[in-house]
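Student: Sharing the features that TrEMBL gives for it:
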TRANSMEM  C:21-45  transmembrane segment
TRANSMEM  C:65-88  transmembrane segment
TRANSMEM  C:116-133  transmembrane segment
TRANSMEM  C:140-159  transmembrane segment
TRANSMEM  C:179-202  transmembrane segment
TRANSMEM  C:222-242  transmembrane segment
TRANSMEM  C:248-266  transmembrane segment
TRANSMEM  C:295-315  transmembrane segment
TRANSMEM  C:321-341  transmembrane segment
TRANSMEM  C:353-375  transmembrane segment
Amino acid sequence: MTFENTMVGQAAPPAHLAVRGIQKRFGGVHALRGVDFEVARGEVMALVGDNGAGKSTLMKVLAGAHLADDGEFLLDGKPVEMSTPNDATELGIQIVYQDLALCENLDVSANLSLGAEPVKPGWSFLPHLLRPLDDLEMEVKAKKAIDKLEVRTLQSVRAKVGGLSGGQRQAIAIARAVGTESSVVMLDEPTAALGVAQTRQVLEVVKRLRETNHAVVYISHNMRDIFEVSDRITVLRHGSNVATYTTSDTNPDEIVVAMTRGLDTENGNAA
Amino acid sequence: MTFENTMVGQAAPPAHLAVRGIQKRFGGVHALRGVDFEVARGEVMALVGDNGAGKSTLMKVLAGAHLADDGEFLLDGKPVEMSTPNDATELGIQIVYQDLALCENLDVSANLSLGAEPVKPGWSFLPHLLRPLDDLEMEVKAKKAIDKLEVRTLQSVRAKVGGLSGGQRQAIAIARAVGTESSVVMLDEPTAALGVAQTRQVLEVVKRLRETNHAVVYISHNMRDIFEVSDRITVLRHGSNVATYTTSDTNPDEIVVAMTRGLDTENGNAA
Amino acid sequence: MQPEAKMTFLDRFSAMRETQFGAFVPVLLALAAIWGYFGLVLPLIDLMSGEADSFRAIFLSPRNIYNLFMQSAVIATLAVGITIVLLLGDIDLSAAATAGVCAALLGVLVLSGVPGWLACIIVIFVGIVMGAAQGLLIAYVGIPSFVVTLAGLLGYQGLMQKILPTGNLNVGDPFVRGIARVLIPDLWGIVLGLAVVGMFAYANLRKQSRRKTLGLEQDSPLALWSQVIAFAAIVVAVVFTLNAYRSLPLLLVLLVAITALLGWITTSTPYGRSLFAVGGNPESARRVGMKVKRLRVSAFAIVGFMAAIGGIFGASRYGSVSYTAFAGGSLLLEAIGAAVIGGTSLFGGRGSVWNAILGALVIGSLGNGLDLTGASAADKLMVSGAILLLAVAIDALSRPGNGSGR
Amino acid sequence: MQPEAKMTFLDRFSAMRETQFGAFVPVLLALAAIWGYFGLVLPLIDLMSGEADSFRAIFLSPRNIYNLFMQSAVIATLAVGITIVLLLGDIDLSAAATAGVCAALLGVLVLSGVPGWLACIIVIFVGIVMGAAQGLLIAYVGIPSFVVTLAGLLGYQGLMQKILPTGNLNVGDPFVRGIARVLIPDLWGIVLGLAVVGMFAYANLRKQSRRKTLGLEQDSPLALWSQVIAFAAIVVAVVFTLNAYRSLPLLLVLLVAITALLGWITTSTPYGRSLFAVGGNPESARRVGMKVKRLRVSAFAIVGFMAAIGGIFGASRYGSVSYTAFAGGSLLLEAIGAAVIGGTSLFGGRGSVWNAILGALVIGSLGNGLDLTGASAADKLMVSGAILLLAVAIDALSRPGNGSGR
Amino acid sequence: EDMVALLLPENVNPRWEQQDAAAFVRTMGEIAPDVKVEVFNANNDTATQQRQAEQALTQGAKVLVVIPIDGESSAIIADTAAEEGIPTIAYDRMINSPNTTFWVQADLEGMGFDQATHVIENTKDGDTLVMLKGSPTDPNAAVIHNGQLRALTPLFESGARVMGYENWTQGWDPAIARRSMDQALTQLDNNVQGVVSSNDGNAGAAIAAMEEQGMAGTVPVSGLDCTVQAQQLMLLGKQTQCGWRPLEDMAAAAAQVTVRLVSGEDFSDLAPQTVTNGVGADVAYVPVGSYSAIGAEGVAYVIENDASITKDMVCQGEAAATDFCK
Ligand SMILES: Nc1ncnc2c1ncn2[C@@H]1O[C@H](COP(=O)(O)OP(=O)(O)OP(=O)(O)O)[C@@H](O)[C@H]1O
Ligand SMILES: Nc1ncnc2c1ncn2[C@@H]1O[C@H](COP(=O)(O)OP(=O)(O)OP(=O)(O)O)[C@@H](O)[C@H]1O
Ligand SMILES: O[C@@H]1[C@@H](O)[C@H](O)OC[C@H]1O
Ligand SMILES: [Mg+2]
Ligand SMILES: [Mg+2]
């Protein structure tokens with residue numbers, strides 16, 4: 001298979017999260033055609049490909065947001081069930097979606113805690129869903145997270161997300177994913193809308209995640225960023241694997257060629 | 001004013017579209033605080049600033065999508081009215097919005113012609129709105145536009161936009177704006193979601209627009225792209241002008257400093 | 001460019017649902033289920049349980065189909081109108097009351113000696129104004145359409161009572177009554193039907209050949225021909241069934257003609273495109289320069305127009321105008337329900353006027369079919385709720401990966 | 001950090017509208033307009049035109065306010081429930097019919113000797129099941145809520161007739177009747193009111209001080225105090241007005257208590273947060289792991305619960321159960337209308353149960369006020385439509401840059 | 001097997017399903033066991049009633065017995081039936097069509113007069129009255145009201161009684177009557193000494209409103225139909241009068257005529273009289289008697305004369321404790 005074939009240089013680290021033979025169709029569109037993918041703890045795996053190559057679809061499958069038509073999921077080598085976003089959350093997978101998945105009718109602090117709202121202590125006789133929200137705690141958390149990403153124009157964490165600028169929104173989505181306990185963090189073009197300083201911060205965050213032994217998946221079209229943070233690079237093309245490279249053994253030009261034209265041996269490899 | 005003060009080097013070309021003293025508030029947020037901005041025909045004016053600096057808001061004001069609270073609009077030196085998107089269209093202003101402004105329930109070809117649908121000839125006894133759409137013409141136009149941007153993964157121009165990838169969508173928004181007769185084209189982070197090849201194509205398109213004597217406004221956080229295509233650079237910070245630079249006279253570092261920290265003299269300049 | 005992998009049957013089925021034709025699938029399934037139940041299952045049960053001594057498929061008899069169409073016509077007319085504003089993401093609660101006012105006015109006008117045709121024109125004009133007035137408030141003042149048309153419902157109910165102080169009035173005018181009574185001679189009905197089928201086939205084939213010339217992707221010939229054949233089958237079946245009892249009634253021809261016109265406007269003109277655009281994303285539509293406010297006003301004017309037509313149809317069919325048949329009754333919810341059952345979204349941007357007609361038939365079939373059984377009023381209501389649910393659930397269950405329930 | 005430029009009055013006003021408190025502005029304006037019209041303008045006109053010989057502000061008399069509250073109570077109860085599903089972007093057309101079934105069952109149960117309190121509990125349980133059943137179909141089968149609850153409307157209407165073959169039934173059980181009859185002694189009412197005000201003030205001030213401790217941005221003391229004072233004024237005014245006629249009726253206390261509970265759940269628990277999240281963006285909510293389907297079922301169960309309460313309140317207040325008072329009447333549209341007038345969006349993600357109560361008062365005031373005038377039924381309907389429109393338009397017109405009419 | 005259809009207007013008033021339809025079906029079973037009776041109920045929607053008539057005709061009904069929702073829009077039912085040669089009987093409420101074959105009803109004008117007279121007799125000079133009228137679309141409601149006015153107009157004009165408040169009750173809906181009464185009491189500040197209510201549903205609503213003011217039982221309230229509920233209220237002294245008609249006889253008369261019509265026989269011996277309806281057509285007519293029931297004595301009369309109502313049915317709930325029931 002393409003996948004192993006192109007594993008050159010040092011041996012690949014043991015995969016933390018791995019999928020094999022992922023298929024996904026949308027009506028007549030065959031978005032993923034038997035994709036293999038893996039990421040280890042303590043590494044940043046970049047996922048690159050042309051527009052429409054299937055990167056986001058693969059991400060959503062990994063996050064349980066899309067149900068794969070076919071394929072296998074392994075966590076630390078053990079098969080796992082991944083059919084709802086809940087499954088992913090429970091396995092410790094956090095994700096920044098390309099479309100951000102924010103609720104515009106809620107404010108910044110609510111979005112930052114969405115789905116994992118802190119509740120006040122001492123109401124344990126109630127089911128968790130009905131305990132009082134600790135909204136001040138949420139605000140404090142939001143303030144810290146936003147400050148960390150250096151989004152200085154955001155006046156209030158009580159502003160509705162519907163009124164925020166593109167970059168401010170993206171920062172919130174990132175802060176939500178990295179602020180939650182997890183072992184895998186996936187970021188789908190996280191810096192697309194960010195300014196120079198904010199992009200820097202995100203790259204720092206990614207590096208810090210690697211240091212804290214997270215498995216990080218990083219999708220981007222920006223070769224500079226990819227070569228700055230990634231350890232390995234998986235290239236997708238037309239919903240199929242092209243190859244996986246070790247970053248230190250390759251260069252942007254090679255990747256761009258793989259993305260746009262595939263490998264020369266590709267004809268024999270497409271699933 | 002900051003604006004003239006920092007006009008160094010060669011004299012500025014005569015402005016085609018210019019605004020003075022634009023104010024815009026959203027409830028308690030003062031997004032634009034007396035911004036001046038101009039762009040000449042045959043030039044690419046970059047608009048840069050941190051996240052939330054007010055770039056998109058200024059764009060929307062220039063496109064009539066937001067009504068400015070205060071300020072003056074001049075086209076070729078003459079005051080013009082700009083209160084609805086229609087006004088802008090009629091003045092020949094086209095724009096790629098950061099949020100793309102597509103209709104997810106419509107297909108690619110419909111989105112590409114949105115608001116300027118071609119009708120079949122020979123029904124002139126009917127009001128324009130009620131003449132038969134020339135949908136094949138729309139498809140042909142869409143096919144050409146998409147091909148030009150090298151979005152090769154899009155299988156059909158009859159696919160609903162709701163199912164497209166981020167980059168595919170952005171390409172459609174760009175194709176719509178540049179495919180329409182105009183004298184001013186404004187692009188708000190047009191390449192944020194685009195792949196390497198597609199980004200190249202967009203930069204080419206921008207250059208071609210300049211050659212065909214359009215006035216182009218280009219918003220981006222990517223310094224490399226900005227220095228590649230722009231003639232001048234306007235820097236916004238916290239909703240106010242910092243300065244306008246001639247691209248050939250400055251460098252990315254200076255711009256980044258201006259964006260994030262303003263000029264040293266800034267205190268005296270904020271409107 | 002990409003090697004196309006083989007598609008399973010299920011893929012094909014779900015791909016088919018995505019075509020224009022596929023939008024008819026759910027409501028046609030529901031209709032088929034209901035007709036199958038009343039027309040085949042129930043008589044069979046009756047037969048086997050010994051309740052009936054022969055298999056009496058009354059429900060599917062030409063006479064009952066004729067009745068069913070006529071009984072559903074007013075609901076369908078309103079549903080078609082309401083679909084237009086639903087496309088925008090608006091709602092109109094006053095449509096039935098508007099129809100009532102128009103019918104009442106029509107009755108009063110013909111009673112006072114105004115010729116029937118003139119009265120109809122006046123009433124249509126009034127309907128348009130009534131709709132547009134609400135549209136103005138919604139678009140320019142910015143009050144939600146639910147509230148404006150709720151107020152309209154109240155106000156127009158009052159207006160109807162004002163016009164009809166005793167709440168009802170006989171309508172004898174031959175022109176007005178003629179709309180529901182005049183029948184198209186059998187032969188002409190067939191000619192008309194064939195002409196429509198011919199035009200449909202021609203338009204489809206021509207489009208296909210133009211696509212080829214222009215180098216555009218082609219619809220599969222299978223899809224194309226099955227579409228044409230299905231259409232032809234439906235038209236021919238309807239015409240022959242109606243001829244078998246009486247003939248095509250003028251009222252139905254008018255309803256289909258108006259729906260065809262609106263169907264064409266909504267799918268094939270810049271006006272219709274902007275309805276869908278506004279419904280899908282009002283802000284985008286505004287930004288590309290669509291005159292959203294005017295559009296909204298005009299859409300409500302169309303509802304007013306269709307409500308007036310519904311009022312005329314109703315007056316003609318009921319031979320009278322009564323408060324309860326329009327404003328006071330269940331017509332409103334039935335009409336909106338018909339549109340929604342037809343697949344039109346309450347959130348805007350998705351729907352079709354043809355589906356509204358099918359939805360109206362679904363609703364009409366419930367009452368019609370149950371009235372043929374001897375059940376009590378309470379049982380009928382309960383059973384109609386259950387049948388409606390089952391009929392719409394069939395589609396939902398056959399769909400791979402069910403939706404959010406919106 | 002940024003130098004804040006001075007804000008004009010208009011800016012302040014529109015900024016205030018964005019606060020939590022600001023959501024009350026539109027419906028309070030509407031209510032004030034209607035009360036002003038019936039309570040002051042009309043009597044003044046009567047006086048000046050010589051129709052009345054003295055200024056008789058009957059509408060604003062304590063007795064009429066008491067009536068008005070009681071008359072609006074059933075609408076309000078249903079509206080509060082419906083608000084919950086509207087937050088999700090769903091709708092419930094069967095709420096009134098559910099209330100009817102519950103009321104009918106209650107009547108039959110107490111008649112057959114079941115003690116009132118037990119009957120109430122049974123009926124509440126039944127209501128919850130009826131709501132949840134619909135929720136299951138909506139969430140898990142994926143049929144649009146409009147269609148499911150339309151079918152529910154039919155089915156439950158039938159069920160109600162089944163339970164209540166006579167069309168109506170007297171309810172004499174003292175426990176049931178007591179809910180509408182029992183009055184809280186004047187003094188206790190005042191104590192209760194003051195306690196509520198005290199708690200409100202304490203909670204607000206405590207939150208403010210905690211914000212300070214945590215270094216979070218503070219609400220302006222002006223906003224804080226005007227909120228507390230406005231709240232206190234309303235509570236005190238209501239208690240004293242009701243005491244001036246009779247006393248606080250138990251029914252109202254129950255309604256307010258239940259609404260407070262639901263209000264707290266919707267705004268201050270993870271459950272409520274997910275209602276808003278799903279309404280704002282169901283896909284985002286799903287992706288962050290919210291159990292959207294279960295949520296939907298539970299929301300419909302809450303509507304069922306509130307419908308059952310509405311049925312009990314109705315049976316208690318009317319002293320009887322009749323088909324038309326619930327299922328057959330206008331209760332459904334009035335209840336949804338109340339929620340929407342209160343500012344809850346049909347598109348989901350925006351709204352509040354308190355506003356539903358205010359919306360119900362708006363609707364209730366129309367009928368109440370007009371019945372005090374001697375107008376004909378037709379005039380009353382027309383005028384009520386007009387007043388409703390004007391009342392809601394006031395806010396729309398005072399808003400800078402009006403909305404899309406959604 | 002022949003079939004006839006009975007089309008009921010609504011189920012707001014219990015009589016239709018409980019008494020009229022039951023009696024009609026029973027009588028038909030006795031005198032013409034092979035004729036099937038289908039019963040429909042239109043829930044106060046005229047379009048529904050028309051549909052039900054069409055469906056009945058589609059099933060081959062030989063006679064339509066119709067209690068219309070309103071007099072005008074039911075004409076199409078009689079007309080459509082006539083086109084197929086099927087006769088239509090107007091039951092209780094007249095159908096304003098030339099094709100109405102037969103009508104059965106009591107002297108409703110007189111019953112309205114009795115209602116008003118009862119209230120007049122139990123009030124005194126200068127007292128204020130409330131009038132809760134029937135459904136504006138029901139032809140009977142206007143007739144009843146005319147009878148009430150025959151008794152009341154002179155007194156209103158002389159000032160002997162004051163008309164405090166009046167309202168129609170769309171669809172005979174008690175919920176509407178309830179709000180009317182609430183508002184009457186508020187506007188008149190409880191200064192109400194009599195309630196002229198056109199039927200029992202309205203009376204029940206008025207009593208519930210007055211109970212809240214502690215007035216129930218102190219004010220005369222009229223009614224019509226003598227429903228079980230009304231008789232209970234009469235025993236409790238809260239309602240004081242109800243007009244009673246022998247619904248059994250009405251249904252039996254309709255059934256007899258129906259049977260004749262099914263077999264195409266002449267029925268003129270059963271209906272010697274005619275009345276002229278709203279469109280000037282002469283309709284064969286059988287008048288039935290009526291009785292103005294007052295107090296416990298009235299209840300006793302009704303129980304004795306109305307086979308569909310037994311003492312057990314009335315003596316339930318609160319009413320069980322009254323002297324009459326003990
Ligand atoms: N919900 C959907 N319905 C239909 N087609 C879809 C859907 N989601 C994705 N697709 C199609 O699947 C293909 C892969 O899309 P995907 O979003 O994964 O691309 P991507 O690699 O993330 O591209 P980009 O760089 O533009 O974000 C595209 O052709 C897209 O049109
Ligand atoms: N509709 C709105 N309502 C409220 N606040 C708004 C609205 N639109 C913009 N703002 C605020 O105005 C400021 C400027 O926003 P704008 O979108 O113009 O920033 P930007 O320069 O385009 O940033 P980015 O690089 O992130 O796109 C931000 O603080 C934003 O929160
Ligand atoms: O018996 C009454 C009937 O005659 C009338 O038509 O409708 C109301 C009933 O109470
Ligand atoms: Mg993507
Ligand atoms: Mg921006």
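Cβ atoms here come from the backbone N, Cα and C positions, even for glycine.
In terms of burial and nearby residues, how do these features look in this structure?
Tutor: Long-range Cβ contacts of the transmembrane segment (C:116-133) within its own chain (Cβ-Cβ under 8 Å, at least 6 residues beyond either end) map to 92, 94, 98-99, 101-103, 105-106, 109-110, 152, 156, 173-176, 178, 297-298, 300-309, 311-312.
Panel annotation: around the transmembrane segment (C:222-242), residues 16, 19, 21, 62, 65-66, 69, 189-190, 192-193, 196-197, 200-201, 204-205, 208, 248-249, 252 of the same chain, lying at least six beyond its termini, place a Cβ under 8 Å from a Cβ of the stretch.
When Cβ-Cβ distances below 8 Å are used as the criterion, the transmembrane segment (C:248-266) is approached by residues 66, 69-70, 73, 76-77, 80, 84, 87, 178-184, 189, 192, 239, 242, 272, 275-276, 302, 306, 309, 313, 316-317, 352-354, 356-357 of the same chain, each at least six residues removed from its ends.
Beyond the transmembrane segment (C:295-315), the same-chain residues lying 6 or more positions past its ends with a Cβ under 8 Å from any Cβ of the stretch are 73-74, 77-78, 80-82, 84-85, 87-88, 90, 92, 95-96, 98-104, 106-107, 120, 123-132, 134-136, 138-140, 171, 176, 179-180, 251, 254-255, 258, 262, 271, 274-275, 278, 321, 325-326.
Among residues of the same chain six or more beyond the transmembrane segment (C:353-375), those with a C-beta under 8 A of the stretch's C-beta atoms are 23-24, 27-28, 30-31, 34-35, 37-38, 42, 58-59, 64, 67-69, 71-73, 75-76, 79-80, 82-84, 255, 259, 262-263, 266, 334-335, 337-344, 383-384, 387-388, 391.
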Student: Short question: most Cβ pairs under 8 Å with the transmembrane segment (C:65-88), which of C:21-45, C:140-159, C:179-202, C:321-341?
Tutor: C:321-341
Student: Taking residues 6+ outside the transmembrane segment (C:21-45), which of them lie with a CB under 8 Å of any CB in it?
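Tutor: Cβ under 8 Å, 6 or more out: 51-52, 55-60, 223, 227, 230, 341-343, 352, 354-355, 358-359, 361-362, 365-366, 368-369, 372-373, 387, 390-392, 394-396, 398.
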Student: Which sequence-distant residues neighbour the transmembrane segment (C:321-341)? Criterion: at least 6 residues beyond either end, Cβ under 8 Å.
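Tutor: Residues 27, 30, 74-76, 78-79, 82-83, 86, 91, 93, 95-97, 99-101, 103-104, 106-107, 153, 156-157, 160-161, 164, 167-169, 171, 311, 314-315, 351, 355-357, 359-360, 362-363, 388, 392 contact the transmembrane segment (C:321-341) from elsewhere in the chain.
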Student: So if I exclude everything within five residues of the ends of the transmembrane segment (C:179-202), which remaining residues of that chain have a CB under 8 angstroms from its CBs? That is, six or more out.
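Tutor: That would be 70, 228, 231-232, 235-236, 238-240, 242-243, 246-251, 253-254, 312-313, 316-317.
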